[in-house]
């Protein structure tokens, strides 16, 4: 059975540092260290002088050796208190100090040689090899290292506490963020549930009204059929009688001809309207409601997809890239065409001949969205609606007259002639038309690579690093080769530009009606910038928001 820890500690205190056994007849020397009396007799003087303490190296006089009776009594008591009687005295000390015994002398290592960096026992310390060296007690030599370790431990404990604090705070932040996400999940579900409920109610309301109309039409159909069948039966009877009368002999026929024809006078037969005018009117109103529903859902879907999928960004124009033909507002969000080259200094990044300008902020990833408003003098909503109404009336008149639908929208597209006329055009006339198209008053909105050419005449097409729409009073074109003419339902006053860099698309929409106008597809490898081009007096391009 093992000895208790306090008893073992006492055993170490009453162990002689020389013989490593219990102190037998313990005595103290001048320096205060205690050894067995017999062990002190083995300590010889140094170089003819006085002997020195094996532990602290202080000289002492053997005549001053004094017994320590209290310690001797303590040794006896410890021996009596030993639990493990089978263990010999000093065995505990040896068990605990085996790893600290001198390999040569099997003595306890009390000293540390600072010259050789080795632990020494008393015998090694007195040997010829280490006697000239600086040797100190192991406890004293270990103290600086212990202090360094303790300081390092203190630093590590502070770091541990900081990490634990950061970890606790991080865990709290994570839990808070998860709570936010859970709350947002519930809000999303509630929002969609509310939307589903609203749409379901509107759907049921419209379907109920439509069912009532269907019932009215069905009831009218029964009445119409019943009355028509009655009229047909009456006419069938009259026809049958008249057919029989017509087959009678002449004498019999002429007996009551006057009375017979009087009985069957010719009446105006019934022609009823199968559908009441009020029902037709309400059906037409339903058609208008359906168009409004489709338009509203299209606008809602477009805006929702844009807001959820794309990040709306605020962009500004780069004045260093602006052509001398253009004038920028102070906030760099509006550009106008001056018609005169007003720049006295040509910046390296400036468009030289083309009236173009780039945005100040570029994009190399993500999905972003911004808008460009085309503000044209004389473009009022009333005028546009009037033009569309007049155009619709003209188209109806043309259709009634046997003509095909026109090409117009807004101001209308001109029909330049028949296919035969187009085929008869020479190469020179085609080149003249291309030149006329190039100088056509118009504007372009889109995106461009940051490396797009700025000098000389440019085509500003996708192969040149520009993906843009061209707008004019005559129509809209995708600036491709060849140009693709577009026919949106409405002329856009505000063009939405949605850039999906990773997806490789640039999508243009009518920002007001959410109508899709055109989508470019490409693989982007460089930074893309907003791009505006304006050669249209009286027109301003404004970046939104």
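Cβ coordinates are placed from backbone N, Cα and C, and glycine is handled just like the others.
Note on the zinc finger (16-57): its mean pLDDT in the predicted model is 83. According to Swiss-Prot, the feature zinc finger maps to 16-57 (among others).
Taken from Swiss-Prot, the feature zinc finger covers 97-138 (among others), and the record attributes it to sequence analysis.
Marked as Zn(2+) binding site by Swiss-Prot: 102, 105, 124, 130. In the shown protein chains, 22 other C-beta atoms lie within 10 A of the C-beta of residue 124 (Zn(2+) binding site). Residue 124 (Zn(2+) binding site) falls within a helical segment according to DSSP.
The coiled coil annotation in Swiss-Prot covers 172-226.
The domain 'B30.2/SPRY' feature in Swiss-Prot is assigned to 295-545; the stated evidence is sequence analysis.
For 376-440, the entry in Swiss-Prot reads region 'Disordered'.
What Swiss-Prot lists as compositional bias 'Acidic residues' is 380-401 (among others).
Feature annotation from Swiss-Prot assigns compositional bias 'Acidic residues' to 412-440 (among others).
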Structural state census, the zinc finger (16-57) (DSSP three-state): 4 helix, 8 strand, 30 coil
Largest tally of Cβ atoms lying within 10 Å of a Cβ, found at which of the binding-site residues 105, 130: 130
Cβ-centroid neighbours of Zn(2+) site 102, 105, 124, 130, 8 Å, sequence order: 104, 107, 109, 120, 121, 122, 123, 125, 127
